[in-house]
């Protein structure tokens with residue numbers, strides 16, 4: 001039905017909002033005015049998942065790649081209009097390192113066309129009354145640097161990353177006021193170098209025979225160490241050279257599950273803390289406190305790189321805000337010590353995490369089966385961040401739910417996503433609870449703006465507020481959730 005398409009969106013907002021609210025059972029009185037006046041609402045994306053114009057072949061489900069993705073590179077003006085239609089305050093996106101520095105290094109030259117694309121995008125976002133939130137690195141290390149010295153396994157990456165970051169600060173920082181150095185380094189390091197299920201696909205042979213080499217007991221920690229040092233060096237550069245005149249903020253985006261003890265025992269309570277330390281504290285403890293969590297140091301010993309006194313001083317306090325990505329909560333249960341000759345990041349945690357206890361899920365299991373819909377977990381993670389990390393400024397930079405890419409489903413049915421409306425409404429209510437309990441949360445970004453390339457799952461998952469028809473020239477359609485959020489964010493006219 002053509003009237004459900006993007007072009008006619010404004011004409012049917014009231015009807016579909018009414019239908020969506022009725023279907024979801026959400027509280028219509030809960031809206032943007034339930035939050036502090038300066039609270040920022042937005043949605044997010046990532047360069048490789050959206051832009052297209054990538055050339056590397058895929059080695060993931062269905063053989064999918066990001067070569068075309070959502071073709072955001074050519075359609076960004078149309079897409080920024082969609083953001084405006086949803087009354088968003090901000091748009092979160094990442095900058096492709098290779099699009100700016102094709103050879104990965106400053107000496108290899110700056111791609112002026114890449115710089116022009118991001119300048120045009122930033123200008124368009126601002127022209128529509130929104131704020132750009134920019135991630136400098138979202139998992140797309142230039143292949144040239146992987147081939148040259150092994151990417152983040154080498155300390156050489158620090159200088160090249162900071163050179164890339166400086167190009168971004170210099171070219172875009174007069175308009176960009178929110179920078180995140182890295183997105184989810186936990187995912188990049190643990191799954192790229194520990195399990196091999198994400199790029200770069202490295203792991204020990206006893207973890208997976210499909211990995212292209214690696215050491216799951218050491219490489220995740222080495223790569224993470226270089227990420228943290230690169231982050232701190234870039235923050236220092238920004239603070240000393242650009243922040244005094246550009247007046248922006250800089251931080252990092254971490255991801256964490258929330259964890260609940262499987263049994264009410266001291267052992268399982270300890271494993272909850274250990275799980276948080278190995279996932280969340282791995283990055284935030286150094287950045288806030290100057291060193292890795294004691295649980296990591298005590299177990300890993302020499303496998304965990306050490307900060308020099310000078311490095312620790314540089315890393316400590318290297319943030320203006322913390323971005324928090326949250327998707328699920330698990331039960332955590334203690335397990336026996338792992339075999340000393342089959343160590344890996346996963347076995348180092350010494351935990352069994354599951355969404356089920358006595359056959360019952362902790363929350364409804366989602367289409368993405370590793371995720372369980374448990375909104376209180378977001379509140380608990382925010383409260384924990386307040387307690388452990390000195391009540392920092394926080395932006396919830398990702399939170400979302402998917403449905404499957406059912407090609408046999410008529411588009412008119414595929415646009416009915418009441419589950420997403422309920423998901424965001426309930427999670428926002430728990431964010432609101434956290435704020436009322438003193439957590440310094442300043443914003444909330446849905447994942448994601450449009451259905452996109454979801455890394456290892458390719459195009460099987462649809463997380464977007466906007467439906468992408470991959471069988472019809474990537475045509476955009478509003479899902480019901482996009483109308484709901486437009487209504488939720490609608491400003492009063494005085």
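Heads up, the Cβ atoms here are built off N, Cα and C, so glycines get one too.
What Swiss-Prot says about this one:
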SIGNAL    1-28  signal peptide
BINDING   49, 138, 183, 184, 327, 398, 447, 454, 455, 463  beta-D-glucoside binding site
CARBOHYD  103  N-linked glycosylation site
ACT_SITE  184  active site, proton donor
DISULFID  203-211  disulfide bond
CARBOHYD  263  N-linked glycosylation site
CARBOHYD  352  N-linked glycosylation site
ACT_SITE  398  active site, nucleophile
CARBOHYD  406  N-linked glycosylation site
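Sequence features, as recorded in Swiss-Prot, placed on the structure.
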residue : record                        : Cβ contacts under 8 Å, 6 or more apart
103     : N-linked glycosylation site   : 109, 142, 144
183     : beta-D-glucoside binding site : 46, 94, 135, 137, 138, 139, 253, 323, 325, 397
184     : active site, proton donor     : 139, 253, 254, 255, 325
203     : disulfide bond                : 193, 194, 195, 196, 211, 214, 216, 344
263     : N-linked glycosylation site   : 333
327     : beta-D-glucoside binding site : 255, 257, 371, 398, 399, 400
406     : N-linked glycosylation site   : 414
447     : beta-D-glucoside binding site : 43, 44, 325, 398, 399, 400, 463
Name, in the order they occur in the sequence, the residues of the same chain whose CB lies under 8 A from the CB of residue 352 (N-linked glycosylation site) and which sit 6 or more residues away. 262, 332, 333, 334, 335
Per DSSP, to which secondary structure element type does residue 352 (N-linked glycosylation site) belong, with helix, strand and coil as the options? strand
Local Cβ density at residue 398 (active site, nucleophile) - other Cβ atoms counted within 10 Å: 24
